[in-house]
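For reference, the structure is listed below as structure tokens.
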Amino acid sequence: MPNTALSTAELTDDQVHDILTTALARILRRIDLTQQEMRQIMTIIMDGRCPDAMLGALLTGLNMKSESIDEITASASVMLDFAKKIEPKNRTNMVDIVGTGGDGSNLFNVSTASAFVAAAAGATVAKHGNRGVSSKSGSSDLLEQAGLNLNITPEQTRECIETQGIGFLFAPNHHTAMKHAIPVRRALKVRTIFNILGPLTNPAGVKNLVVGVFTDNMCEPLAHVFKNLGAKHVMVVGSKDRLDEISLATSTKVAELKDGEVTVYDIFPEDAGIDSQTLVGLDVNSSEQSLQLIQAALSGKETNDFGIAQNKVNKARDMIALNAGAAIYVAGLASNFPNGVNQAQNILQSGKALQKMQALAEYTQTFDR
């Protein structure tokens, strides 16, 4: 039974309808809901009592209004109440690196590739992700292509984290109540509050994260949400070219939560000794294409078997180094962002990140499907 302060069990269908319609009317008037109101709405959704048409209207309305800090905090709190959590023993230097999605760029899976680099550098990675909803290659799609068995239990995922230093928390295995929202999200095919909630609801209780957002005006609000939820060291990043990653092409806005304070600043690739470059060639049409580019980049080799131009591979490495460097930094393995990027570059040259990916894939195949 979810440990939630609110329950819909004693509400009649008419009462649920009234709560939902009242909330929708306020949202459409661009009035923010209180945390208590949003907790009740999210509990109704998680209990499967929100009709699809109403859910679509609520998600669209929140998107158009822009979700408030209180609305996001309350929603994340309810999702965590309903989640199947795990508690890995090796929590020192534990990190997640994840994007909200919804940026429409169709880049290769930068955060997933970066996770293997961070793990190879010594971080414990609890990677939370899902299938692509508004992109052509979600992290789960990519990892299945790489040979990972995602049909494992939460406890088996915990075992991966403890033995391999990295595990992939496939959202449907941990957030089973989210099944009620999947049809509507797939039908909408645009970013919703659930894109925002994914990074906030890591079932391993990760306190150090790099989180990419689809628009940089979400950086500071989301950093404050993380503060509300008890996170320790977080970089919320959104680039000027509207990527939910640290961009190789331009400046990236950062809202950094550290020591209980949120600081906002801009970073450039040159800050970490990397030249700015266009993103041409880094977009993909499928998880297969994304995997090929990532394997070539993580291999450390100067040639590849996929027929990919080496300049594209080198560009992908630079993009991965920037984002993995941030993860290494917030995990506590680097004194600052540039030092983290330098560590990431060394890992990329060594080929250890690809070995980490292959080892995790092999380990997950030892579990019964």
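Glycine is treated like the rest: Cβ placed from N, Cα and C.
Taken from Swiss-Prot, the feature anthranilate 1 binding site covers G99, N130, and the record attributes it to sequence analysis. Summarising the annotation, Swiss-Prot assigns 5-phospho-alpha-D-ribose 1-diphosphate binding site to G99, 102-103, 109-112, 127-135, S139. Residues or ranges marked as Mg(2+) 1 binding site in Swiss-Prot: S111, E245. For R185, the entry in Swiss-Prot reads anthranilate 2 binding site. Summarising the annotation, Swiss-Prot assigns Mg(2+) 2 binding site to D244, E245.
All features noted in Swiss-Prot, drawn onto the structure.
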| residue | record | DSSP class |
| --- | --- | --- |
| G99 | anthranilate 1 binding site | strand |
| N109 | 5-phospho-alpha-D-ribose 1-diphosphate binding site | coil |
| G129 | 5-phospho-alpha-D-ribose 1-diphosphate binding site | strand |
| R185 | anthranilate 2 binding site | helix |
| D244 | Mg(2+) 2 binding site | coil |
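With the fewest other C-beta atoms within 10 Å around its C-beta, E245 stands out among the binding-site residues D244, E245. Taking the C-alpha atom of D244 (Mg(2+) 2 binding site) as reference, the shortest distance to any of the binding-site residues G99, T112, G129, N130, R185 belongs to G99.
Nearest by CA distance to S111 (Mg(2+) 1 binding site), out of the binding-site residues G99, G129, N130, R185, is G99. Taking only the Cα positions, the spacing between N109 (5-phospho-alpha-D-ribose 1-diphosphate binding site) and E245 (Mg(2+) 1 binding site) is 10 angstrom.
Of all the binding-site residues in the list G99, G129, N130, R185, the shortest Cα-Cα distance to E245 (Mg(2+) 1 binding site) is found for G99.
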